[in-house]
Amino acid sequence: METEPVSVQKVPAPPGSPCRQQDSALTPTPTMPPPEEPSEDYEHSQSPAEQAIQEEFQFLRCPSCQAQAKCPKLLPCLHTLCSGCLEAPGLQCPICKAPGQADANGEALDNVFFESLQRRLAVFRQIVDAQAACTRCKGLADFWCFECEQLICSKCFEAHQWYLKHEARPLADLRDNSVSSFLDSTRKSNIFCSNTNHRNPALTDIYCRGCAKPLCCTCALLDRNHSHLHCDIGEEIQQWHEELGTMTQTLEEQGRTFDSAHAQMCSAIGQLDHARADIEKQIRARVRQVVDYVQAQERELLEAVNDRYQRDYQEIAGQLSCLEAVLQRIRTSGALVKRMKLYASDQEVLDMHSFLRKALCSLRQEEPQNQKVQLLTRGFEEFKLCLQDFISCITQRINAAVASPEAASNQPEAASTHPVTTSTPEDLEQPKEVQSVQAQALELSKTQPVAMVKTVPGAHPVPVYAFSMQGPTYREEASQTVGSMKRKCSHEDCSRKIIKMESTEENEDRLATSSPEQSWPSTFKATSPPHLDGTSNPESTVPEKKILLPNNNHVTSDTGETEERVVVISSSEDSDTENLSSHELDDSSSESSSLQLEGPNSLKALDESLAEPHLEDRTLVFFDLKIDNETQKISQLAAVNRESKFRVLIQPEAFSVYSKAVSLEAGLRHFLSFLTTMHRPILACSRLWGPGLPIFFQTLSDINKLWEFQDTISGFLAVLPLIRERIPGASSFKLGNLAKTYLARNMSERSALASVLAMRDLCCLLEISPGLPLAQHIYSFSSLQCFASLQPLIQASVLPQSEARLLALHNVSFVELLNAYRTNRQEGLKKYVHYLSLQTTPLSSSASTQVAQFLQALSTHMEGLLEGHAPAGAEGKAESKGCLA
């Protein structure tokens, strides 16, 4: 006769209590022992239902060893591992490599939720298999007691109900239910008072927020200090569920940010792979053109490229692994909270809530470290330059080896007749057809007037006089064929330089009517060479915007001269009127001249067979700006190419009545529009590594035009280092002195337009044109932006300007330094030391001390920034200058 299940519930007596001792048949047994690992034969013989259960609860397995987690431990990263995989407390998680900082005792939290779920699943498997044994007599079980959590046969069930009267159900009914129904029915909602002094555990539904413990009615009445903090424990648990759910929703939004950063990292790796493949293809293509002599060099170049790739890949891969670890923690936390909401009991939520909340709060503080980091995916340009020099050296040796003895014997005679054609290494690089064309052009020059050049020992040749080359004879017959070729004459080998020119009656009239104070032209304009980007269209000039200024003594040039675009900007801020003289408000006398000088070569690629097309197609735009010393804001901005000029002049308020006043933002927009008329030009500046460009970048950023400016240009060209290479013997490399010496021009140091015109004319005179030889002097926008971001360290005297430049050349920004220090305050900044100048030679003991002092100063400054106040500038100045000056 079957006994109906009794619905009356009774609190289970603790082991050893008198109630338990009354029932001799009810011996103390453990409640639901942990299940054993199923054998391989059992796994192969699983039913479809069992396989579905195993797939649904796969998360109960240890993610490290994929075995049934015994004594599961919950780590702060919210990964659950078995006790076997958790080798020692405080170690890193083997899944996400997160540091194992657990609770105050240094141990991971027992995952009571997983352990309870494993036990209940094991019981359900026994019930479904119809092989459940009675936990008392080991006979075939027929009932399941939800209070004792034991399997009971019919005989033991009668005694069990006689003494305990617990709720029990036949196993036949449970077999028809699903695993979810069984797990839901076994979720206990009975919570007992946390006071251990009770003789019998007392059920309670009161929770004290002050004690953070459940209390019975008696204990709640005695706890008068926290009477206002008592609440219903069910409502409190529900509030905890909602709080954890809200935190997981916030983490999901944060996860999308990490997904975006992860995608950028993967894209960067793809770009890095593409860059490596591209440079390897170029290297192999050029090396295949030579014989076995160059194979050893090929291997060296490929190894260097691979080393650079591995270094850059490791940097990106390290950040990628950190992002993947945080993403995995976010997904794990969300899954754990959802599963606890589905399957965890209230007691389990009470036990684990504080730990979960602390872990989720720590996870919410994570931020992607790559949001403002510029990725290094174009770091192979230096290998292209090495390859170019290598090929040039080989070509020179091959041409020298095949030269005939007759040519070698005739060379001195030719040099005495035509000094310009003295054989140089550059001449050996040119094909015979090019050299023949140059010889024809030189013969043609015999019929043209020439300008002699005086030679000073140790200095660059200085022109004595010059005429404009206006006649069609030379321009059509020689300039079009030889204009794009490079012809150099070393001033150690020749005593003079021949410049082929033609003097016309019009030029003589201009010379007669020119100012007596000026004995030669102050500037020149090349009329024959085409545009810097390779196009030649003299009629496609930019329309002029004329704005009349007071006291304008500018002498307009002839109608054939290109017009200029001038935008005058009025500023509401006060400035010193003495800084704006009358000759600064006009176009300056150096801009227009009745005498024009034209060199024999245009600003095109010097060696078309070796220069890269994408560099040749770029337009050189000479660019300069002036910063007001008092306001530290832009006072002038000027740019010029071969066809048009652009100037922004910021005047004080007193001059606004004479000009068409526009805002600074409008003026910068006009400047961007001027740049967009060309295809990604190269901005040529006299000084890149100064305070001017950072202020310019900040101004563009204030009007949200910085990224548009980045997309408009292709890079920055340092002009003065190029001039230093061409004329190493010059007495001074200041732009004003160079203009006075080689252009016979008195340049105004306070005029931005005069500076850019001087740079343009110097580059034209020295035959500086776009092409591969300029690549080593062209810097990317990202490098200059990184240098701008390092300005706070320079201003705080923590980082010298020269060392900031070295960091910027490796695309190391201030944000990257700060994040590296925040991540690892002991070792985070050391990896950047090898970029600095001290690493060019082996470190001595004194140099090591200087490096340590520099790192200490930089760390002190970073610590001050993280704490909300920067350290004293004198402290950083003393340490950094002693290290890197």
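Glycine is treated like the rest: Cβ placed from N, Cα and C.
Pulled from Swiss-Prot:
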type     : residues                       : note
BINDING  : Cys62, Cys65, Cys82, Cys85     : Zn(2+) 1 binding site
BINDING  : Cys134, Cys137, Cys156, His160 : Zn(2+) 3 binding site
COILED   : 295-331                        : coiled coil
COMPBIAS : 407-425                        : compositional bias 'Polar residues'
COMPBIAS : 512-526                        : compositional bias 'Polar residues'
COMPBIAS : 550-559                        : compositional bias 'Polar residues'
CROSSLNK : Lys70                          : SUMO cross-link
CROSSLNK : Lys70                          : SUMO2 cross-link
CROSSLNK : Lys165                         : SUMO2 cross-link
CROSSLNK : Lys165                         : SUMO cross-link
CROSSLNK : Lys384                         : SUMO2 cross-link
CROSSLNK : Lys384                         : ubiquitin cross-link
CROSSLNK : Lys486                         : SUMO2 cross-link
CROSSLNK : Lys486                         : ubiquitin cross-link
CROSSLNK : Lys488                         : SUMO2 cross-link
CROSSLNK : Lys497                         : SUMO2 cross-link
CROSSLNK : Lys500                         : SUMO cross-link
CROSSLNK : Lys500                         : SUMO2 cross-link
MOD_RES  : Ser17                          : phosphoserine
MOD_RES  : Ser45                          : phosphoserine
MOD_RES  : Ser47                          : phosphoserine
MOD_RES  : Ser404                         : phosphoserine
MOD_RES  : Ser503                         : phosphoserine
MOD_RES  : Ser514                         : phosphoserine
MOD_RES  : Ser515                         : phosphoserine
MOD_RES  : Ser522                         : phosphoserine
MOD_RES  : Thr535                         : phosphothreonine
MOD_RES  : Ser536                         : phosphoserine
MOD_RES  : Ser540                         : phosphoserine
MOD_RES  : Ser575                         : phosphoserine
MOD_RES  : Ser609                         : phosphoserine
ZN_FING  : 62-97                          : zinc finger
ZN_FING  : 129-171                        : zinc finger
ZN_FING  : 188-239                        : zinc finger
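In this structure, Cys65 is the one among the binding-site residues Cys62, Cys65, Cys156 with the smallest number of other Cβ atoms inside 10 Å of its Cβ. With Cys156 (Zn(2+) 3 binding site) as the anchor, the candidate recorded positions are Cys62, Lys70, Cys85, and the one with the nearest CA is Lys70.
Counting only same-chain residues six or more apart in sequence, the Cβ atoms lying under 8 angstroms from the Cβ of Cys134 (Zn(2+) 3 binding site) belong to Leu140, Ala141, Leu151, Ile152, Cys153, Cys156. Per Cα geometry, Lys70 is the residue among the recorded positions Lys70, Cys82, Cys85 nearest to His160 (Zn(2+) 3 binding site).
Within the chain, the coiled coil (295-331) has long-range Cβ neighbours (under 8 A, six or more residues past its boundaries) at 77-79, 95-98, 251-252, 254-255, 258-259, 261-262, 265-266, 268-269, 272, 276, 279-280, 283-284, 287, 363, 366, 368-370, 373, 375-377, 379-380, 383, 386-387, 390. In sequence order, Cys82 are the recorded positions from Cys82, Cys137, Lys384 with a C-alpha within 10 Å of the C-alpha of Lys70 (SUMO cross-link).
In this structure, the CA atom of Cys85 (Zn(2+) 1 binding site) is 36 Å away from the CA atom of Cys137 (Zn(2+) 3 binding site). In the predicted model, the zinc finger (188-239) shows an average pLDDT of 78. Counted within 10 Å of its Cβ, the other Cβ atoms near Lys70 (SUMO cross-link) come to 15, all protein chains included. On a Cα basis, Cys82 (Zn(2+) 1 binding site) lies 32 Å away from Cys137 (Zn(2+) 3 binding site). A count of other CB atoms within 10 A of each Cβ picks out Cys85 as the most crowded of the binding-site residues Cys85, Cys137. Taking CA atoms as the reference points, Cys62 (Zn(2+) 1 binding site) and Lys384 (SUMO2 cross-link) are 51 Å apart. For Cys82 (Zn(2+) 1 binding site), other Cβ atoms within 10 Å of its Cβ number 19. Cα to Cα, Cys65 (Zn(2+) 1 binding site) and Lys384 (SUMO2 cross-link) are separated by 48 Å. Distance noted between the C-alpha atoms of Cys82 (Zn(2+) 1 binding site) and Lys384 (SUMO2 cross-link) is 53 Å.
The recorded positions in question are His160, Lys384, and the one with the fewest Cβ neighbours inside 10 Å is Lys384.
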